[in-house]
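Participant: According to TrEMBL, the record shows the following:
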- 63-152: domain 'FtsX extracellular' (DOMAIN)
- 177-293: domain 'ABC3 transporter permease C-terminal' (DOMAIN)
- 21-44: transmembrane segment (TRANSMEM)
- 172-193: transmembrane segment (TRANSMEM)
- 226-247: transmembrane segment (TRANSMEM)
- 267-286: transmembrane segment (TRANSMEM)
Amino acid sequence: MKKFRQFINVLKDAFKGMWRNKAMAIASTVSIAAMLILFGMVFLSVLNVNSLVYQTTGKIDKVIFYLNDDIKEDRINELISEIAEHENVKNISYVSKEEAKEQYRESLEGKGYVLDSLKRNVFPASLVVVMDSLEESETIIDDIKDEDGIESYNFHGDIINKMLSVERGIKILGLGIVSILVFVSVVIINNTIKIAVSNRKREISIMKYLGATNSYIRGPFLIEGCLFGVFGACISYFAIYKGYGIIYDKFMIELMKMDLFILNPKFINIDIFIMFLAIGVCVGYLGSLFSTKKFLDV
């Protein structure tokens with residue numbers, strides 16, 4: 001019971017310290033919140049990119065070669081025969097210009113009438129080649145892309161490589177900025193506690209004279225730093241939850257049309273909050289700890 005009362009007193013002192021230095025307390029809390037928001041953005045971005053890469057991996061066995069409008073039927077048959085010579089070809093299908101137009105019309109879900117205003121069919125004919133492996137798909141692209149009659153090609157493997165590059169960029173840039181913000185947060189909290197110590201210098205000297213233990217003197221300041229982390233975690237969790245929900249609603253419909261999905265906002269649950277809380281409290285505690293190292297000399 002005695003220890004509980006001591007803890008309550010320490011907690012009260014921590015809140016009093018925050019109230020005395022409201023401006024610095026707000027700055028400390030905001031710095032931790034900003035750091036955690038950016039961390040959350042990086043964390044969710046990496047998870048979503050990994051998820052999209054995994055979903056797209058099942059589609060990289062398909063290469064679409066778009067044909068020139070003036071290509072002859074004999075040349076189309078030659079290309080089909082040439083592609084069929086490659087090993088591990090599962091299927092080759094020819095999609096005419098009219099079929100391509102109708103496929104796109106169906107993808108518009110009831111708004112296909114917009115295509116009726118086109119004076120000519122702008123959709124190219126194509127050869128859709130399904131392969132057994134990514135490596136074989138890349139081999140076919142190298143062999144066929146420059147052949148006469150081939151206008152261009154579409155390959156999901158290129159998209160995956162770009163997505164992986166984006167993921168690496170997010171990790172490097174995001175974690176770099178997060179590290180800087182962690183340092184800034186620790187410095188701000190460090191200065192906040194130093195100001196609190198300076199304001200209570202006489203009081204601390206009296207407490208030491210009366211026999212107060214080091215842990216008792218440090219307690220309110222360490223708790224104060226932890227509270228900065230708690231408040232920062234709450235703010236950042238709310239911001240990430242609401243912000244991600246808006247992004248999800250905006251992009252999910254378009255992604256579903258491509259048979260792709262990103263993480264549901266329900267993923268941002270109590271586990272994510274606990275992670276934010278742990279990081280915030282650790283940063284706040286470290287910032288306070290560095291300052292309180294000098295307490296015993298006052």
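Just so you know, glycine gets a Cβ as well, placed from its N, Cα and C.
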Participant: Per DSSP, what is the helix/strand/coil residue tally across the domain 'FtsX extracellular' (63-152)?
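Facilitator: Once the DSSP states are binned, the domain 'FtsX extracellular' (63-152) shows 40 helix, 21 strand, 29 coil.
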Participant: Mind pulling out the one from 172-193, 226-247, 267-286 with the most Cβ pairs under 8 angstroms to the transmembrane segment (21-44)?
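Facilitator: That would be 226-247.
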Participant: Residues of the same chain, at least six outside the transmembrane segment (226-247), with any C-beta under 8 angstroms of its C-beta?
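Facilitator: Distal contacts: 14-15, 18, 25, 28-37, 40-41, 44, 189, 192, 265, 268, 272-273, 276-277, 279-285, 287-288.
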Participant: Using DSSP, how many residues of the domain 'ABC3 transporter permease C-terminal' (177-293) fall into helix, strand and coil, respectively?
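Facilitator: Per DSSP, the residues of the domain 'ABC3 transporter permease C-terminal' (177-293) fall into 102 helix, 0 strand, 15 coil.
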Participant: Looking at the domain 'ABC3 transporter permease C-terminal' (177-293) alone, can you tell me the average pLDDT?
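Facilitator: Value for the domain 'ABC3 transporter permease C-terminal' (177-293), mean pLDDT as a whole number: 81.
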